[in-house]
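Notes follow once the structure below has been shown.
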Amino acid sequence: MNPSAPSYPMASLYVGDLHPDVTEAMLYEKFSPAGPILSIRVCRDMITRRSLGYAYVNFQQPADAERALDTMNFDVIKGKPVRIMWSQRDPSLRKSGVGNIFIKNLDKSIDNKALYDTFSAFGNILSCKVVCDENGSKGYGFVHFETQEAAERAIEKMNGMLLNDRKVFVGRFKSRKEREAELGARAKEFTNVYIKNFGEDMDDERLKELFGKFGPALSVKVMTDESGKSKGFGFVSFERHEDAQKAVDEMNGKELNGKQIYVGRAQKKVERQTELKRKFEQMKQDRITRYQGVNLYVKNLDDGIDDERLRKEFSPFGTITSAKVMMEGGRSKGFGFVCFSSPEEATKAVTEMNGRIVATKPLYVALAQRKEERQAHLTNQYMQRMASVRAVPNPVINPYQPAPPSGYFMAAIPQTQNRAAYYPPSQIAQLRPSPRWTAQGARPHPFQNMPGAIRPAAPRPPFSTMRPASSQVPRVMSTQRVANTSTQTMGPRPAAAAAAATPAVRTVPQYKYAAGVRNPQQHLNAQPQVTMQQPAVHVQGQEPLTASMLASAPPQEQKQMLGERLFPLIQAMHPSLAGKITGMLLEIDNSELLHMLESPESLRSKVDEAVAVLQAHQAKEAAQKAVNSATGVPTV
């Protein structure tokens with residue numbers, strides 16, 4: 001964005017709890033009635049490009065953002081009520097806990113909106129959330145007020161009150177570290193004792209008799225089932241911590257009716273789960289450490305290889321502690337694991353056995369990795385590869401193969417598509433970043449100075465990537481687009497033939513017109529090239545457009561300049577669909593659009609394809625609406 005443009009620190013909204021299929025266009029339709037929007041961005045996973053369930057909507061005016069927050073919070077989009085709050089970019093303010101309260105023992109029927117409506121009487125709410133899982137509400141939630149005073153008023157008035165006939169607890173929000181510290185302090189001063197494994201013949205009186213010798217007890221209870229039969233465990237609550245500690249020390253592990261009983265501090269369910277989880281994680285970490293560097297992963301196994309054969313093949317390299325072929329339904333899955341007693345033996349086995357043919361197949365042998373490690377490693381490799389590809393403007397290719405223009409990437413390597421924010425056309429003029437390249441001249445083509453060389457045609461992206469645009473909602477303009485060259489056959493065209501076909505040679509600058517891609521500049525020591533006169537694209541009533549004019553314009557203006565010249569031509573062919581088709585065509589690369597402006601046949605071909613795509617989309621929408629109306633499902 002232009003640094004001189006005004007900033008709107010409080011005109012940005014966070015929109016959460018989104019359905020995975022919600023797009024920027026849907027959010028634009030939803031929020032645009034509140035006021036002019038600068039941009040919309042649905043946050044997505046870098047690799048899978050799936051929605052993360054939240055988005056940011058940036059308004060031009062804070063008053064419009066406030067109106068949207070007041071009137072649209074908890075509105076339903078694609079069957080899910082969305083949660084809107086002010087975007088707070090400073091994490092210290094979000095995590096400080098100031099103004100944040102915790103509410104528990106909530107009725108299952110209380111949702112985000114009901115909680116918001118209940119607590120909004122005490123002050124301005126920044127965020128409000130009932131914690132849910134796949135089964136619905138978990139019975140607790142959080143409300144973050146703008147001020148600490150509002151939070152204290154809510155605690156004072158609402159703690160112990162009835163909400164939907166349930167007495168709720170309302171208190172100051174405490175971080176996990178604070179809660180664990182409090183639990184630890186309380187645990188040291190426990191008075192409640194848990195006893196288990198004492199059999200079915202135990203009752204309250206007998207349990208009191210057993211533990212009464214340690215000190216006065218407030219309560220004694222043996223837990224029973226519906227028939228009154230003991231469940232084998234119970235509780236004794238002492239008056240003093242010292243008596244409880246003495247009972248645990250003396251009674252834990254003693255035999256009672258031929259059974260060894262357990263006596264310990266009574267724990268809440270959350271405490272027990274936390275402790276078990278911690279023990280499990282510790283065991284898991286110990287196991288990982290123990291097998292680090294000694295466990296091998298073996299794949300591409302022949303179907304006839306079993307555990308014994310696998311052990312036999314690897315036994316020459318050292319002492320094997322375990323060998324296992326993974327099976328499913330009695331059949332080998334084609335891979336297994338071999339664990340050695342030392343890392344040296346495992347390393348030797350990898351060196352000797354990787355690639356060796358056993359039975360009928362060459363084995364793949366490597367150190368075993370946990371799933372998380374493997375995924376992290378693959379992701380890291382992928383990101384490094386993408387970074388290296390982006391760093392090289394033109395990958396080294398066969399000199400006789402037509403080279404892609406500078407700024408394009410070879411399609412043989414998969415590319416991530418970094419989706420940009422959604423910019424309405426009314427705001428594009430305000431979002432003009434400075435050009436990232438010199439506009440004095442185009443980068444010379446690698447074949448330019450070779451006499452008689454074949455000049456490759458610029459690759460044209462397949463039209464199937466275009467999507468129909470709504471007349472009310474503009475297209476999402478991606479700031480980084482990768483040309484797909486693998487699906488397009490590029491026909492070589494001799495320079496002489498090209499010169500004969502056209503009165504003047506059109507030299508299109510080898511740039512990918514995208515705001516997020518840094519185009520390479522000419523080398524300082526490069527030989528000066530003869531600048532050939534570029535033909536201008538003439539559209540009646542418009543200023544002539546040349547490739548150099550386009551290159552010197554800011555990125556957002558480039559599409560506008562092209563759109564202004566495309567629209568009258570398309571309007572002459574399809575007056576009612578001109579706006580939609582123009583928006584669809586503007587997703588094509590600028591060099592291709594220039595060619596279409598010069599070639600009426602090429603333009604007509606693309607327009608016909610766009611009309612076909614648009615008609616197919618409209619037919620699909622009509623069919624979906626018919627299905628929804630027949631089944632009574634409301635359309636969003």
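Any Cβ shown, glycine's included, is placed from N, Cα and C.
Quick look at what Swiss-Prot lists:
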type    : residues : note
DOMAIN  : 11-89    : domain 'RRM 1'
DOMAIN  : 99-175   : domain 'RRM 2'
DOMAIN  : 191-268  : domain 'RRM 3'
DOMAIN  : 294-370  : domain 'RRM 4'
MOD_RES : Ser315   : phosphoserine
MOD_RES : Arg493   : asymmetric dimethylarginine
MOD_RES : Lys512   : N6-acetyllysine
DOMAIN  : 542-619  : domain 'PABC'
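When Cβ distances are compared across the two stretches, the domain 'RRM 2' (99-175) makes contact with the domain 'RRM 1' (11-89), since 3 or more pairs at least 6 residues apart fall below 8 angstroms. All protein chains included, Ser315 (phosphoserine) registers 13 other Cβ atoms within 10 Å of its own Cβ. In the three-state DSSP reading, Ser315 (phosphoserine) counts as helix. The residues of the domain 'RRM 1' (11-89), classed with DSSP into helix (H, G, I), strand (E, B) and coil, number 22 helix, 30 strand, 27 coil. With DSSP states grouped into helix (H, G, I), strand (E, B) and coil, the domain 'RRM 2' (99-175) comes out at 22 helix, 32 strand, 23 coil.
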